[in-house]
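Below is one structure; the comments refer to it alone.
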């Protein structure tokens, strides 16, 4: 448990609310040591895990009473945040906005960028993060512990990697959900009832996939299945022959392009 007060700017939004609930729910921070800000000064809906956390409509109040500030707003809302965090540790969850821009908008000197995903809600988020040179080893260790509390995390080498991972892991359940939907529709097309099709797909995507974490890598698991030369091998080879890898790579890279394009939006906002 940390003895520091953590403030979440944009704490009424889904991401800010989720990370606050994860940190309080895990015991990493006590409710009385958590402050959330929202435009209305209250949460849109109560969150039981948050207990009696403070909620304010004043971002400056939040910064003044916090040791660590988590910035969780949309890129287009960054210019309206109006905070000056100075030398307090600032952790930005704003997608696609580089460290230098975060520093300019917030007055921060010790700045971290991070991109958790929707699995925050179940304590299983993968969160890549990156810190500027002013963030010392003690603070880096704190950041790693904070995000490990919400799942698991890695410090990455540069902003290009973080932007790419925004498109990969930052999408959370999007890609597994797309695979599940595709398998579900195919099952329906073959006459399987909706109830059975949904349960069968869940059995594959949600349950059988957990075997990947049982001591064998996904490469080893695929190689074993292909070597059986049976039904699974035929399915794998058919998908690959129809461009599965190319399609997945194309989708992720299109998402990567969108993540990078947010930089332009932020620059336009500043010029305006």
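Glycine residues also receive a Cβ, built from the backbone N, Cα and C atoms like all the rest.
What TrEMBL lists as domain 'Pyrroline-5-carboxylate reductase catalytic N-terminal' is 5-96.
Secondary structure at residue 38 (NADP(+) binding site), as computed by DSSP, is coil. The feature NADP(+) binding site is assigned by TrEMBL to 38.
Taken from TrEMBL, the feature NADPH binding site applies to 59. Following the DSSP three-state reduction, the secondary structure of residue 59 (NADPH binding site) is helix.
Residues or ranges marked as domain 'Pyrroline-5-carboxylate reductase dimerisation' in TrEMBL: 159-259. Each residue in the domain 'Pyrroline-5-carboxylate reductase dimerisation' (159-259) gets a DSSP state, and the totals come to 86 helix, 0 strand, 15 coil.
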Model confidence over the domain 'Pyrroline-5-carboxylate reductase dimerisation' (159-259), averaged pLDDT: 95
Densest Cβ neighbourhood among 38, 59 (binding-site residues), 10 Å radius: 59
DSSP-assigned states of the domain 'Pyrroline-5-carboxylate reductase catalytic N-terminal' (5-96) in counts, ordered helix, strand, coil: 30 helix, 19 strand, 43 coil
